[in-house]
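Visitor: When I checked Swiss-Prot for this same protein, it listed these features:
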type: ACT_SITE; residues: His66; note: active site
type: BINDING; residues: Gly115, Glu116, Phe117, Gly118; note: pyridoxal 5'-phosphate binding site
type: MOD_RES; residues: Lys62; note: N6-(pyridoxal phosphate)lysine
type: MOTIF; residues: 195-199; note: motif 'CCCFC'
Amino acid sequence: MSTNKITFLLNWEAAPYHIPVYLANIKGYFKDENLDIAILEPSNPSDVTELVGSGKVDMGLKAMVHTLAAKARGLPVTSIGSLLDEPFTGICYLEGSGITSDFQSLKGKRIGYVGEFGKIQVDELTKHYGMTPDDYVAVRCGMNVAKYILEGTIDCGIGIECIQQVELEEALKEQGKDSNDAKMLRIDKLAELGCCCFCTILYIANDKFIAENSQAVKKFLKAIKRATDYMLAHPREAWAEYGNFKPTMQTDLNTKKFQRCYAYFSESLYNVHRDWRKVNNYGKRLDILPENYVPNYTNEYLSWPEPKEVDDPEKAQDLMLKHQEECKTCGGYKRLVLA
């Protein structure tokens, strides 16, 4: 049965990069499409794919590797679009912790991770660096990786550059220390993946819900695209509106996170075919996907032109690294423009 009432589950408590979803609600874009969206926050981020897959929630947000693994485990979920494209993801640590750019420096260290796939990724990496999973201590942290590093509960942990890395940098500044002492061992470099696409944040939906509500899905994405376009064109105004609706966003820390997220937002919302192929292969390497697995994504419900894929994704990642370093130093809102 089709419906205009949709439950939408975030992948975490409200964060700066959730702004398109909230803006679509704040500015009445969902209402313009005759949609009534209930935006929900999970008590446990690991529950999202299970709740969406079970049909208890209609739609949500989740990273690409989790979305692939969920379908492989029998949960009927499909990606219908992209929110945050390839945020740099890796093992965050502080200078002076005994950890260096050498992966083997992680021997004996306490490594924090959000959910089970973070541990699977680190375990797989140990095989390539003359180690075993017994050579480190895994600590499940949920979304508290930066907090636990600063408290000394863990030595390092998996996070993304525009969130946990920013938290570490700003904490160092408050202590009168150099923010450059917040470091990251990028997983895409360690695993030689050629992209950080495994952590691309996606709009996902329950398969039965999609089948019964195809027009509502199209309308939802149309409203999200409208909100994304507004945010990219007017980032300061959009951020102020989000902060008025969600006062927890009104901090210097969250503003800096939003500035660092800004370049990662997907303008088109399209699932990138090459990224899905790469992460599908990576999932097989991690033994979380069968060899014959077909990626569970579709661009069918996006009603605007699909952009051309980047010619050289590795070069684009190098340029993004420089871009994000500039954003860290200067702040502001600037998109990476590829020639």
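For all residues, glycine too, the Cβ spot is worked out from N, Cα and C.
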Visitor: In angstrom units, rounded to an integer, how far apart are the Cα atoms of Gly115 (pyridoxal 5'-phosphate binding site) and Lys62 (N6-(pyridoxal phosphate)lysine)?
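Guide: About 12 Å separates the two Cα atoms.
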Visitor: Mean pLDDT, the motif 'CCCFC' (195-199)?
Guide: 88
Visitor: Identify, among the recorded positions His66, Gly115, Glu116, Phe117, the residue whose Cβ has the fewest other Cβ atoms within 10 Å in this structure.
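Guide: If we count Cβ atoms within 10 Å for the recorded positions His66, Gly115, Glu116, Phe117, the smallest count is at Glu116.
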Visitor: Would you kindly give the Cα-Cα distance separating Lys62 (N6-(pyridoxal phosphate)lysine) and Phe117 (pyridoxal 5'-phosphate binding site), rounded to the nearest Å?
Guide: 13
Visitor: Take the C-alpha atoms of Glu116 (pyridoxal 5'-phosphate binding site) and the residue listed as 'active site' and report the distance between them in angstrom, rounded.
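Guide: Cα-Cα, rounded: 10 Å.
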Visitor: Taking DSSP three-state, what's Phe117 (pyridoxal 5'-phosphate binding site) in: helix, strand or coil?
Guide: helix
Visitor: Output, ordered by sequence, the same-chain residues six or more apart from the residue listed as 'N6-(pyridoxal phosphate)lysine' with a CB under 8 Å from its CB, or 'none'.
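Guide: Result: Asn11, Val48, Thr49, Val52, Ala70, Val77, Ile201, Leu202, Ile204.
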Visitor: Tell me which residues of the chain lie with their Cβ under 8 angstroms from that of Gly118 (pyridoxal 5'-phosphate binding site), as long as they are six or more apart in sequence?
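Guide: The answer is Ile158.
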